[in-house]
Amino acid sequence: MSGREGGKKKPLKAPKKQSKEMDEDEMAFKQKQKEDQKAMEQLKAKAAGKGPLTGGGIKKSGKK
């Protein structure tokens, strides 16, 4: 090994794996995840229109 041939012999990035065929369980799981994400975004949008949750009741000044 001479001085010019130092360093890593392996490439830094591993080659990408080929996309495998998904079976029925994986397809159903991915579909369920997409539906859950859509539902969460709808709930977030609905909740964003409302004001803060707290704010009712008697406010105390903190003075004694």
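Here the Cβ of each residue, glycine as well, is placed from N, Cα and C on the backbone.
Nonlocal intrachain contacts for the coiled coil (21-50), taken as residues 6+ away from its ends with a CB within less than 8 angstroms of a stretch CB, are lacking entirely. Sequence annotations record features per position, and here Swiss-Prot assigns coiled coil to 21-50 based on sequence analysis.
The compositional bias 'Basic and acidic residues' feature in Swiss-Prot is assigned to 27-44. Per DSSP, the secondary structure of the compositional bias 'Basic and acidic residues' (27-44) breaks down as 18 helix, 0 strand, 0 coil.
The compositional bias 'Gly residues' annotation in Swiss-Prot covers 52-64.
Taken from Swiss-Prot, the feature region 'Disordered' applies to 1-64.
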Limited to the coiled coil (21-50), I'd like the whole-number average of pLDDT. 87
